[in-house]
Amino acid sequence: MAAQRTAGHRLAGQAGQPGHKYVYAFAEGNKDLKDLLGGKGANLAEMTNLGLPVPPGFTITTEACQAYLATGREPDGLAAQIADHLAALERAMGRRLGDPQDPLLVSVRSGAKFSMPGMMETVLNVGLNDRSVVGLAAQAGGGPGGAATGRDAGGAADGAGPDGAASGGGERFAWDSYRRLIQMFGKTVCEVPGEEFEHALDAAKRAKGVTSDLDLTADDLRELVGAYKKVFATHTGRDFPQDPREQLDLAIRAVFGSWNAERAVLYRRQERIPADLGTAVNVVAMVFGNLGPDSGTGVAFTRDPATGNQGIYGDYLANAQGEDVVAGIRNTVPLQELARIDRRSYDHLLDFMARLERHYRDLCDIEFTIERGKLWMLQTRVGKRTAAAAFVIAGQLVDEGLIDLDEALHRVTGAQLAQLMFPRFQLDHGIDAVATGVGASPGAASGKVVFTSARAVELAGEGEPVILVRRETNPDDLNGMIAARGILTSRGGKTSHAAVVARGMGKTCVSGADEIDVNVPQRRFTVAGQTVTEGDVVSVDGTTGKVYLGEVPVMPSEVVRYFEGDVDPERSDDALVRAVHRIMTHADARRRLAVRTNADTGADAARARRFGAEGIGLCRTEHMFLGDRRELVERLILARTDTERADALAALLPLQRADFEEIFREMAGQPVTVRLIDPPLHEFLPPLEQLAVDVAVAQERGEDVAREEALLAAVRRMHEENPMLGLRGVRLGLVIPGLFAMQVRAITEAAVTVTRAGSVARPEIMVPLVGAVQELETVRAEAEKIIAEVVGESGVEVLIGTMIEVPRAALTAGQIAEAAQFFSFGTNDLTQMGWGFSRDDVEGAFFWRYLELGIFGISPFESIDRDGVGRLVRIAAEEGRAARPDLKLGICGEHGGDPDSVHFFHDVGLDYVSCSPFRVPVARLEAGRAVVSSEGSDSR
Ligand code: ADP
Ligand code: MG
Ligand code: MG
């Protein structure tokens, strides 16, 4: 993928050509250059230009990294440009890198376009060697002229332990910095196993009889440096490099190389970050948070990333370097404490946070360090946040006048809204998680542990909620997964079999909780020293990936209560509900796509309407042939004469009419698309094996089995190898006389009845599985006669249209439109037939592998395959409209509720999307977002 970036900043030629610019001083960059400078570099540049106190430095571009990774060596000119920028940095700091008297030290920091937490490398304190360590000690000890000036650096903060440096704080600090360099450099640059250094450190502490690093004196640390150097030499076959520029160059190379570290590759695959972006490298003058109690380091958020609430959020650690906070070696204090420790720095920090938020117009997170009372800003970025915080913050920023409602809409996503609609565990349940895996499929579930699919089915059959626990799942576990409330695996990530299949089912799943040791044969797992056996209760949170022992109370979503109409958004004291209401209202005002629902019953229709559905895009009629109506269907199939068949249909008619009346009443005034019977007929009959056994047994007993035998013969006759591609849909309607006619009559009569009673019914009759216009013409001719006869003077208008779900229909849409008043894309079947695979068979069989291999970025059943299936949709929409300009276009496959697919359907120019009731709000939101993002704006 070619790096995209703002035109005009390319200063000299193409990458790879002489004179190409690979290094940018912080003052030369800005926040919009993330492709080139990485997120960290671009934001360091932005802060520098805002006048915030950022230690000086420069950024080596992602292009340099790409070139290095492609060729294995630095591109021409890079070394010289680094030398120039280093010289400028040295001038600005008044010190030289690694100078024996007064050394400049730098950090070498990775920073890709997208943040990849913990994945990439950073080396601190570059520039220290056997000589400059002495100079650093002298400077830190209170010598004149350096940055590390001021009071004595003795004593650790917060009584964390006496510094104990007999030879002065400066010296201790310097030797500690040096040993950290050898450690980080050894690990990162030269792949020395980290535990080798840990062992040496432990040995030093043991020898001293102390437990904390802080109890080691300058002399101890000097000796430790010696030990570290030995470790380094043993593992690398060379001495620790003493030349500062060599240290710098090797560190830069290592950061480039860390882009392709195994864990980084894995992370990118999971997060769908392109593999060829590369990382930038930031070289930053070191500032020291470990110079004594008036120094320290911390992180801060301008708002609470969990709830979006305003306030002071962050952690601070006195007398420490940044890595200590991450490593969790010592306990941090809440950021508010800084007000007590160092009021001046605290006030500055708050001021800078406010400025950053106004500037970025969003939640920012920040890394900072205080060196002897002077605050330095080391990093900022627009911070990650929970789904709830995303809505709340967007709402707040509108209130504050920082963004408009379009921007607020742009900043929240349908996926976040969907997350907020799942039930979740009560907030303050006070139960500690015993393990954390990948939140693979959202929701919250409690239930009894089972280890096999069979047991899951068994217990669930008894009405027990169960959680299926496996190391990993495979296609044999499918039934158990269906039966379970939730799924927990100890292996695999977001694309594992368990994750993919659970998401497809909308089932809560935590995958890859590797603290859990699963023993299926013994039907137990161990975690945190405890053993959980079959039947014990556990709770899993598919949003956070957390696993709890025992039952955690589940609560319904407040956002769903709002959509249900149980919460008044204007009066709610829930900031989230208010924010959701406001943004949804705006989405509705902006969207062009109508949103309908897929609903087969009055109850579903009513719920969807509360959720904002503007009609039914797919009312399946299958269920109207099931239950106690099976017998009538059997009669229909076994009919030997026209009269027998007509009798069976006549018996079905009033039942179906009543069903339709209920639906039309619930959707009064709104269109209702009814699909004529679609599945293969044998689905309404008993299974072949069962029937054969029954007949044999009855014959043995000498009972009269004439009827059963006839049925068995019919089932045998109708058995299909590939029912999905068999006698179904319009084919069935054309083969069984009177079947479609009965349905058309039931629909039209119901519409007339409901309309006469005062509500307006707007039926749209949809013919499934059409592949040729002749099929539709035949059905239509018959239907029109019935409609004309039934409608009479009632004023009811009935449309006739078709599903586009067979590829041939899409490709002959111009012809089909001559006979159809509307098209509705059945993208599930279109995907199946477009790809030539059946969902039920393939999703568990090989999708995980295709996702792993990157053949699929995402399952084509989850999100529309734009290039293939999407192209069929586009062709049909264009050619259909060309033939009939007022053709109504909709989509009723599951993709109608998928965020990315909604954007696609907006772009293609459909009139509406239709999705399951629960997805309706997501579709409304995304339909609004599609307008805003297609209009675009310079500010985003
Ligand atoms: P990450 O991307 O993992 O946060 P960073 O590059 O931000 O890695 O660096 C790791 C830690 O080192 C952070 O806490 C950061 O604040 C600290 N750090 C980086 N550069 C410097 C510097 N020049 N002076 C002091 N601390 C630094
Ligand atoms: Mg950082
Ligand atoms: Mg279909």
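Cβ atoms here come from the backbone N, Cα and C positions, even for glycine.
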Of the candidates Arg620, Arg728, Arg881, the one that TrEMBL places in the substrate site of Arg675, Glu805, Gly826, Thr827, Asn828, Asp829: Arg620
DSSP helix/strand/coil residue counts for the domain 'Pyruvate phosphate dikinase AMP/ATP-binding' (341-388): 21 helix, 17 strand, 10 coil
Spatially closest candidate among Glu805, Asp829, Cys892, the listed recorded positions, to His497 (active site, tele-phosphohistidine intermediate) (Cα to Cα): Asp829
Length of the line joining the Cα atoms of Cys892 (active site, proton donor) and Glu805 (Mg(2+) binding site), in Å: 10
Other C-beta atoms that fall within 10 angstroms of the C-beta of His497 (active site, tele-phosphohistidine intermediate): 27
Annotated recorded positions His497, Glu805, Asp829, Cys892, filtered by Cβ under 6 Å to ligand 3: Glu805, Asp829
Residue among binding-site residues Glu805, Asp829 with least C-beta crowding, 10 angstrom cut-off: Asp829
